[in-house]
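> This is the feature table in TrEMBL:
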SIGNAL    1-23  signal peptide
DOMAIN    53-177  domain 'Corticotropin-releasing factor binding protein N-terminal'
DISULFID  C60-C81  disulfide bond
DISULFID  C104-C141  disulfide bond
DISULFID  C183-C205  disulfide bond
DOMAIN    185-306  domain 'Corticotropin-releasing factor binding protein C-terminal'
DISULFID  C236-C263  disulfide bond
DISULFID  C276-C317  disulfide bond
Amino acid sequence: MERTFREQLFVLLLSLSVLKGDCRYMENNEISKDELYSFFNSELKREAPEELMFRRPLRCLDMIAVEGRFTFTAERPQLSCAAFFIAEPNEVITVDYDGVDIDCSGGDFITVFDGWVMKGEKFPSSQDHPLPLYERYVDYCDSGSLRRSVRSSQNVAMVFFRVHNPGSTFTLTVRKHINPFPCNVISQSPEGAYTMVIPQQHRNCSFSIIYPVEIDISEFSLGQINHFTKRSRPACAETGDFVQLLGGNGIDTSKLLPITDLCVSFTGPTHLKVGCDNTVVRVVSSGKFVSRVSFSYRLLDSQELQTIKLNNVEDFCFNN
Ligand SMILES: *[C@@H]1O[C@H](CO)[C@@H](O)[C@H](O)[C@H]1NC(C)=O
């Protein structure tokens, strides 16, 4: 199994729990009382003026789940940095740059990506994103002062950067905004419940849980094409809209493997333990119907994972 993907996530999720104020980690972090105070202020007032926003330095590898101002200042050349941003499922993120002092002509860059990239895989996958791939990258050096603000299409975004000269600096202001029609989502938490609704749009939406989980599909209502009277069990893909449950170890949903399909003719279990690093509920929508699926999920403990491993030798998440 690919260890690095999970290890990388654990590092990021650990820093995420620091930012979310998990008390187990509060003692050892770098957040000062002043910063905490301004953080509470910005939580109280969502469109906080800049002087009241949470502030802290940006690290070369970082995970950010709160609004605020994050300043990177290089002490030495940093050639491969990435900051991951995540918001609630029904939010999108804006990233604004200011105070940028980098050497574009010397090969420095700051690039915002509309989604996440991990180990060369993208979320949302190119198939499921409304924009062509090249429009999902916005580079500071290419667009200069023309585009100082970038808005994500879903609850995750990221920034890649490279600076060569000590003293190079920039500040990112991260804000969250309500998204009335969330389509693609990465869950912040290994536990929760969610209802995906696609309102008569010809698009496919994915809810990605980057943990091994038990998932319980409690309800779904999917449009169906009603001309299957002669065939009793048509394949899901032929019946109209359907739900795919996918699993695998990367974040690109188009490279994950199908665990099961759910549609009008579905009769199998709706309660499944998936020992993969990534479990995805994907709705394939024709645009002719309003489709809805509700599910809940919780983290598998190590004993459950071990049992899955022993019982299902063919489980594709444990094959290598
Ligand atoms: C949705 O997914 C299905 C199956 O993966 C694909 O055939 C279809 O073209 C996709 N639709 C859109 C709008 O991308």
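Quick reminder: no glycine exception, Cβ is built from N, Cα and C everywhere.
I would like each feature placed in context: is it buried or exposed, what are its neighbours, and how far apart are things?
For the domain 'Corticotropin-releasing factor binding protein N-terminal' (53-177), the model's pLDDT averages out at 94.
Proximity of C81 (disulfide bond) to non-local residues of its own chain (separation of 6 or more, Cβ distance below 8 Å) is seen for C60, L61, F72, F160, F161, R162, given in sequence order. A strand conformation is recorded for C81 (disulfide bond) in the three-state DSSP classification.
According to DSSP, C141 (disulfide bond) is assigned to a helical segment. There are 15 other Cβ atoms within 10 Å of the Cβ belonging to C141 (disulfide bond).
A simple way to gauge crowding: the CB of C183 (disulfide bond) has 22 other CB atoms within 10 angstroms, across all the protein chains here.
The DSSP breakdown of the domain 'Corticotropin-releasing factor binding protein C-terminal' (185-306), given as helix, strand and coil counts, is 11 helix, 61 strand, 50 coil.
Within 10 Å of the C-beta atom of C263 (disulfide bond) sit 21 other C-beta atoms, taking all shown protein chains into account.
Taking the Cβ of C317 (disulfide bond) as centre and 10 Å as the limit, one finds 22 other Cβ atoms among all the protein chains shown.
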> Please report how many Å separate the Cα atom of C263 (disulfide bond) from that of C205 (disulfide bond), as a whole number.
15
> Pull out the disulfide-bonded residues from the set C183, C205, C236, C276, C317 whose C-alpha sits within 10 Å of the C-alpha of C141 (disulfide bond).
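So the list is empty; none.
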> Look up C60 (disulfide bond) in the DSSP assignment and reduce it to helix, strand or coil.
coil
